[in-house]
Amino acid sequence: MKLFLLLLFLLHISHTFTASRPISEFRALLSLKTSLTGAGDDKNSPLSSWKVSTSFCTWIGVTCDVSRRHVTSLDLSGLNLSGTLSPDVSHLRLLQNLSLAENLISGPIPPEISSLSGLRHLNLSNNVFNGSFPDEISSGLVNLRVLDVYNNNLTGDLPVSVTNLTQLRHLHLGGNYFAGKIPPSYGSWPVIEYLAVSGNELVGKIPPEIGNLTTLRELYIGYYNAFEDGLPPEIGNLSELVRFDGANCGLTGEIPPEIGKLQKLDTLFLQVNVFSGPLTWELGTLSSLKSMDLSNNMFTGEIPASFAELKNLTLLNLFRNKLHGEIPEFIGDLPELEVLQLWENNFTGSIPQKLGENGKLNLVDLSSNKLTGTLPPNMCSGNKLETLITLGNFLFGSIPDSLGKCESLTRIRMGENFLNGSIPKGLFGLPKLTQVELQDNYLSGELPVAGGVSVNLGQISLSNNQLSGPLPPAIGNFTGVQKLLLDGNKFQGPIPSEVGKLQQLSKIDFSHNLFSGRIAPEISRCKLLTFVDLSRNELSGEIPNEITAMKILNYLNLSRNHLVGSIPGSISSMQSLTSLDFSYNNLSGLVPGTGQFSYFNYTSFLGNPDLCGPYLGPCKDGVAKGGHQSHSKGPLSASMKLLLVLGLLVCSIAFAVVAIIKARSLKKASESRAWRLTAFQRLDFTCDDVLDSLKEDNIIGKGGAGIVYKGVMPNGDLVAVKRLAAMSRGSSHDHGFNAEIQTLGRIRHRHIVRLLGFCSNHETNLLVYEYMPNGSLGEVLHGKKGGHLHWDTRYKIALEAAKGLCYLHHDCSPLIVHRDVKSNNILLDSNFEAHVADFGLAKFLQDSGTSECMSAIAGSYGYIAPEYAYTLKVDEKSDVYSFGVVLLELVTGRKPVGEFGDGVDIVQWVRKMTDSNKDSVLKVLDPRLSSIPIHEVTHVFYVAMLCVEEQAVERPTMREVVQILTEIPKLPPSKDQPMTESAPESELSPKSGVQSPPDLLNL
């Protein structure tokens, strides 16, 4: 019996010891693997090496101590893992480094991590962790040096408890949803060197206690935050500060003079704020400063003389302020200056003549000022100058010959000045040149194009000068040119057939010159042409039949020449041609009346005495003869008068009958307010089910047409219910209701939101749509998780939305104009497939070419086509413009308005930054796109710029947009031409060390 009791006692002790024994590190790692989806045992799994049969010290991402018994480092960064972080990670007792960055791990941060008392580095950045930051971490991780939770979904106030981490040197809390104020206790870390709270939703004042961080080297507080007031004077106490980024966070007032104490500062970014007053003199005492961006503020006054002491300055951005006075001569003496951007101010006087003599100048933009004088002669003395922009000033004199030898030059924009003399020889042969804009000057001489030209040149604009001589055949060597604008000059001689070699050409304008001879039929080889203007020349001969080979041509102007012969009837088949002008030539014969000719105005054919047809008079050969040409034009006969009287009487009776019927129907309607469901397909719910959704908590959107609710039907299906604004009885348009019902009720297309049915009680109308769980493109793209929307997904959305609009424009009869195309009206389903939505403003396009209600709204701000301002008319080309804005949003990641200064939208900004040159797309590319197929992005950008052309006739149709997007070039990877290129890191964003955010399709 005693032996039995002894055995029971030993068994109990053994069980107790086993139950209390901590989980082994081996099992902790297996638990971690189980919690992370995408980490299975298949060979393609990123954690496929984590097998029971092998030592965990050999597993990927695992580092052990010398005894190979304990894990000291776990680095699973960038493995595309999802799921949650298992609390069992806390059993890796000797862990010093934990990095799970650049994955898709969600859920809360487990507070159990606090038991890892030896942890020094914790990096959870670029995931989708949510909830509040656990305070337990701050009490347990006493040895923590690095804490990085950048770019997650963490909420609540900024954690105060992290100030207990006295060993902390690097803290990155940016890119989350933290709210509230920066706590004053954030000034108490004794050894911190890096602090980032940028990209949150912080408010209030910047606490003066921040000045106590005397060891701080980098401080990032900008972007999405909206602070009150300006910088506290205590900022000057940060004696070790090297980088300070306070851009775009609502700062006001003047820059405090105490900033001059920051003698180690090399980077100062305060752009896109509301700073005012003069530029602080003490800025010139920052002897270590290399980059200073104070652009997009409201600074006044002149550039301080103290700036002459900034001998290390490489970047000076003061554009978009209210500065005046002369540009000081010492700017040209700064020995390290590489970037100088002073555009959109009120600077006067001349450009410093020594500018560029330091041999390091890379970018100069002095446009939109009031500068006079001549151009500095040695701006490219170091052969590093890439961009030179001086447009919109009062500069005179010649263009320096040295620019014709500047092999580094990629863009030159000197339009809208008073420059004279000839274009420097060699300019068009520069190997990297992509854009030349010299329009609206007084340049003379011949076009200096020899055998060797720049094949990269995408745009040549020489309009409105005094250039003369023949157009050299070597112009055909500009194989990459997209826009060739030579209008308003004195060019003469024939148009060379070599123009047909310009396969990338989309716009050609040779109007207002002295060109003679026939129209070169070879021009038809330029398949991408959308705009051709050869008007006001001395051209002769016949219109070539080959012109019909240009399948996407929108605009063709051959007016005021000496063309003869008949108009080719084959032009009638050019469906894309929307504007044509053959007036004031010597054409003859009958104007075709079929196909596209039925859309052209008769004024397009005036001034051709031998042309005949409608409005032009009868043809000489008697084609128009018949027995219906002679009608009495005298006074009306008695019988005709009687018929008119009887007609009026009948109409009066008819109106009376209609009025009686209408009155009875209104009375009947007022007696019955029952809800009625009209279904466009089989539905498993009733109006009562729909009405149950109309609760405040279910609101998911509000717009001009009404409120949208999320509804759950009895069978579990999700729907979106749009409650339209109350309408007055008898309203002919019912606030968009009739238009939506007539269009959506019969539309079935994969990329258009499906209308399931509608409920009505004669006073209120409810539209029931299929539900789109991922919301709108605008919400996703412009939210803080827009970086997760990778390029492949963006391109897919662009093509799908284009197909939806194409269906409305080309496959509906009559065609449908959306009128409010925008990123918020492109909805995304669970697979991020795009669906065009919101037809509350859609109208049928009548045969007349105008919409049925021109007083209706024509779209949303930032998306409205420019012609609406003076025509008040909307057509399908207005939708094309709006879609082009959406494409620019996808490429740049920016909203259409609100980010570029007063009165500037995304189209104007992109044109300013790239000069509409597709090869400059990297200058505006969304910095959140870390790795992209550059040829695809360039092509989509090219399509976007076609869509937002100023003139509607120059825009492609949506069918052409789909075709061009579908035929996007696919370049094979090679050693010389990589498939992907890294997007340049934004100067405005702090470096986070993060390169590839996850794709939303994998969420």
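Cβ coordinates are placed from backbone N, Cα and C, and glycine is handled just like the others.
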ASN97, ASN774 - the residue Swiss-Prot records as N-linked glycosylation site:
ASN97
Annotated residue, phosphoserine, per Swiss-Prot; candidates SER86, SER996:
SER996
Going along the chain, which residues at least six beyond the ends of the repeat 'LRR 17' (455-480) come within the CB cut-off of under 8 Å?
410, 415, 423, 428, 431-447, 449, 486-504, 509, 515, 915-919
Give me the Cα-Cα distance between ASN212 (N-linked glycosylation site) and ASN164 (N-linked glycosylation site), rounded to a whole Å.
16
Can you tell me the mean pLDDT for the topological domain 'Cytoplasmic' (662-1003)?
74
Do any residues, 6 or more residues outside the repeat 'LRR 7' (215-238), come within under 8 Å Cβ-to-Cβ of it, and if so which ones?
174, 182, 189-209, 244-256, 258-262, 269, 275, 784, 988-990
Please report how many Å separate the Cα atom of ASN601 (N-linked glycosylation site) from that of ASN586 (N-linked glycosylation site), as a whole number.
18
Rounded to a whole angstrom, what is the C-alpha distance between ASN80 (N-linked glycosylation site) and THR686 (phosphothreonine)?
44
Out of ASN123, ASN312, ASN346, the glycosylation sites in the record, which is closest to ASN586 (N-linked glycosylation site) when you go by Cα distance?
ASN346
I need the CA-to-CA distance for ASP820 (active site, proton acceptor) versus ASN420 (N-linked glycosylation site), whole Å please.
46
Roughly how many angstrom lie between the C-alpha atoms of ASN123 (N-linked glycosylation site) and ASN346 (N-linked glycosylation site)?
47
